[in-house]
Amino acid sequence: MPSIFSYQSAEVDWCEGNFERSAVIAEYYNTVSRALQTSISCPRLSQRFLLTLSRLEMKTGSLQVSLVLAGIFSTYFHMTLSYVGQLLDELSILWTLAVAYSFWYPKVYFPRFIKSRKQFFWLSGVTTVVSTLMSFLKPAFNAYALNCIAFHLLYLTWRELKKCNDKRVHRMAKVMVVWWVLAISSWLSDRWLCGLWQAINFPYFHSFWHVLIAMSLLYCCPLVIYFDVNYEMPAFKPKLEYWPGDSWPVVVPYVTLEEPHKQC
């Protein structure tokens, strides 16, 4: 039997041809695009109050570290297509989601039997450990399950938008959803229509997924921070901003904090 660290020992092989551009990188464009995704999908917060908001800084930093580690493991997976790389890729995404839910999930949506954030940490931790153990049973199924979590995130966003009158927040949410629809369409297309794309010599939709989902996260993370400030820091008024400016077709959104009241 091949080693679980061996090249191409994974259960999953994406549509892109292997070792066509490099003798050491199995999926060249998937590897490069995943490395690019890591650099653009981390949450951003204005530095104005960052030094005085250690709790918010800690939460944002934890998510950034989780996203970077997930990017490194996923890059390794596409470079080697090894079984270990596949597990590291999928489990790092699972644990990144666990970190995001543990720190950012609004208390108003806690189950009734959960009375504190500490209890929710334990619930998230136990659920994640059980999910991790189950992931070893059928690793190829994990990616579909992880993608389904996006529907719960979209539902939570919809719930928050119903309570918010800020047009900029609604605009950012719409842009986030558009990027996500394009991303998941690329992911499914690579899985289900691979024969077609190989026939026309264009099997690169999984690399598109990496870039498009990074763009979606670029808008999702500031939204999460915005809603979190509304719940956890009522003394501040969060405001969404764009760099380099509102008129640019592609921007980097971030959150600034003002005092005193909130809009949502």
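Note: Cβ is positioned from N, Cα and C throughout, glycine not excepted.
Taken verbatim from TrEMBL:
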- Asp13, Trp14, Glu16, Asn18, Glu27: Ca(2+) binding site (BINDING)
- His78, His206, His210: Zn(2+) binding site (BINDING)
- 65-85: transmembrane segment (TRANSMEM)
- 91-108: transmembrane segment (TRANSMEM)
- 120-137: transmembrane segment (TRANSMEM)
- 143-159: transmembrane segment (TRANSMEM)
- 208-229: transmembrane segment (TRANSMEM)
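Feature map: annotations from TrEMBL on the structure.
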| residue | record | contacts (Cβ under 8 Å, 6+ apart) |
| --- | --- | --- |
| Asp13 | Ca(2+) binding site | Leu81 |
| Trp14 | Ca(2+) binding site | Glu27, Asn30, His78, Asp190, His206 |
| Glu16 | Ca(2+) binding site | Glu27, Tyr28, Tyr29, Asn30, Pro203, Tyr204, His206, Ser207 |
| Asn18 | Ca(2+) binding site | Gln8, Ala26, Glu27, Leu81 |
| His210 | Zn(2+) binding site | Asn30, Ser33, Arg34, Leu36, Gln37 |
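The Zn(2+) site is set by His78, His206, His210; from the centre of their CB atoms, other residues of the chain with a CB within 8 Å are Trp14, Glu16, Glu27, Tyr29, Asn30, Thr31, Ser33, Arg34, Ser74, Ser207, Trp209. Compute the center of the Cβ atoms of Asp13, Trp14, Glu16, Asn18, Glu27, which mark the site for Ca(2+); besides them, the chain residues with Cβ within 8 Å of that center are Cys15, Gly17, Ala26, Asn30, His78, Leu81, Pro203, His206. Proximity of distant same-chain residues to the transmembrane segment (208-229), defined by a Cβ-Cβ separation under 8 Å and at least 6 residues beyond the stretch ends, is recorded for 30, 33-34, 36-37, 40-45, 56, 59-60, 63, 67, 100, 104, 106, 153, 157, 160, 169, 172-173, 175-177, 179-180, 182-184, 186-187, 190, 236, 238, 240, 252-255, 257, 262, 264. With a threshold of 8 Å between CB atoms, the same-chain residues lying at least 6 positions outside the transmembrane segment (91-108) that come near it are 59, 62-63, 66-67, 69-70, 73-74, 117, 120-121, 124-125, 127-128, 131-132, 135, 142, 146, 149, 156, 160, 224, 227-228, 231. Summary: among the binding-site residues (His78, His206), the fewest other C-beta atoms within 10 A of the C-beta are counted at His206. Within its own chain, the transmembrane segment (65-85) is flanked in space by residues 4-14, 18, 24-27, 30-31, 34-35, 37-39, 41-42, 92-93, 95-96, 99-100, 139, 217, which lie at least six positions past its ends and keep a Cβ under 8 Å from the stretch.
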